[in-house]
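K.L.:
Sharing a structure, written as structure tokens. Questions coming.
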């Protein structure tokens, strides 16, 4: 049985992540950063600048893209930490990034709940279709959930307790940096109720009523395209929530109950990866909702195909020229 060296014991006592995790995190977050930045910048530009007739869904999509961008811009700091193995940006900025890990899924779920309620209105209550064009109410709803989420996240920035304050090198961004604060357990479980269970039940309730209405044929007056689009949005939202957000919140609740002191949790790391992945999976939602976004994606794909064809032609023409030159020299 191998005896860990003093260096290994120091690393474990400092709560450092395993080397395999650091490498995986660097690769994963690099991909998420590049793809997510491209997707969400394009989406925000399309929804805010190129969409002529804005609807409530457009407003919600703008907020989703903005939230994704805010979260994505924090990834380079995490990547730097995993690459260097120490945190040089100070305790307060570490608290900000830790709070952002809690803030992002909380607000994202409420925005997805608003989109679900919007689709409920479009399918089950078509007589209120005019409300779907009332962007003012959608803006107020988004402002409300932003303020509500910020208000419950700010207390995490005001806590000074840190179990790794004396560590060398400085550490950050571990599960324990969030869950060790037993003084705010009441706040954490309240947040789980209001920012996970309630929006989740809203989404499930909307989906159940919509499916019930479709099965009973109560939506016969709707255009087939409207039904198809709404169903695709519903399926996309449901799959994204189940894959990215439900595992993260279940893990968070279990860690809070267990009071685990270890800074590294494989299950916590995996569910955090899934939660981060949602910033890229939103591209499916953008593509379904916006024709302008579809056109932009298609144009990029066509342009890439055009560039490939040009390169192939240039390579072929170059090879033909070289052959002709060789023949002329032989003659």
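Glycine is no exception: its Cβ is also placed from the backbone N, Cα and C atoms.
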K.L.:
I'm curious whether residue 230 and residue 290 share a membrane side according to Swiss-Prot, where sharing means carrying the same topological domain name.
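P.N.:
The record shows them together on one side of the membrane, with a shared topological domain name.
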K.L.:
Looking at the candidate ranges 27-47, 216-236, report the one that Swiss-Prot labels transmembrane segment.
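P.N.:
Going through 27-47, 216-236 one by one, Swiss-Prot gives transmembrane segment for 27-47.
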K.L.:
Of 14, 276, which does Swiss-Prot mark as N-linked glycosylation site?
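P.N.:
Per Swiss-Prot, the residue annotated as N-linked glycosylation site is 14.
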K.L.:
If I take the alpha carbons of residue 94 (disulfide bond) and residue 188 (N-linked glycosylation site), what is the distance between them in whole Å?
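P.N.:
Each residue's Cα considered, residue 94 (disulfide bond) and residue 188 (N-linked glycosylation site) end up 18 Å apart.
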K.L.:
When you scan the chain for residues with a C-beta under 8 Å from the transmembrane segment (139-159), skipping those not six or more beyond its ends, what do you find?
P.N.:
59-60, 63, 92, 95-96, 98-99, 102-103, 106-107, 110-111, 114, 178, 181, 183-184, 187, 190-191, 194-195
K.L.:
Do you know offhand how many angstrom separate residue 172 (disulfide bond) and residue 188 (N-linked glycosylation site) by C-alpha?
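P.N.:
It is 19 Å, counting Cα to Cα.
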K.L.:
Six or more residues out from either end of the topological domain 'Cytoplasmic' (117-138), which same-chain residues have a Cβ under 8 Å from its Cβ atoms?
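P.N.:
Those are 54-60, 202, 206, 209-210, 213-214, 218-219, 221-222, 226-227, 230, 233-234, in sequence order.
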K.L.:
The transmembrane segment (192-212): which same-chain residues, six or more beyond its ends, come within Cβ distance under 8 Å?
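P.N.:
Residues 105-107, 109-110, 112-113, 116-117, 119-120, 123-124, 148-149, 152, 230-231, 234, 237-238, 241, 245-246, 249, 252-253 contact the transmembrane segment (192-212) from elsewhere in the chain.
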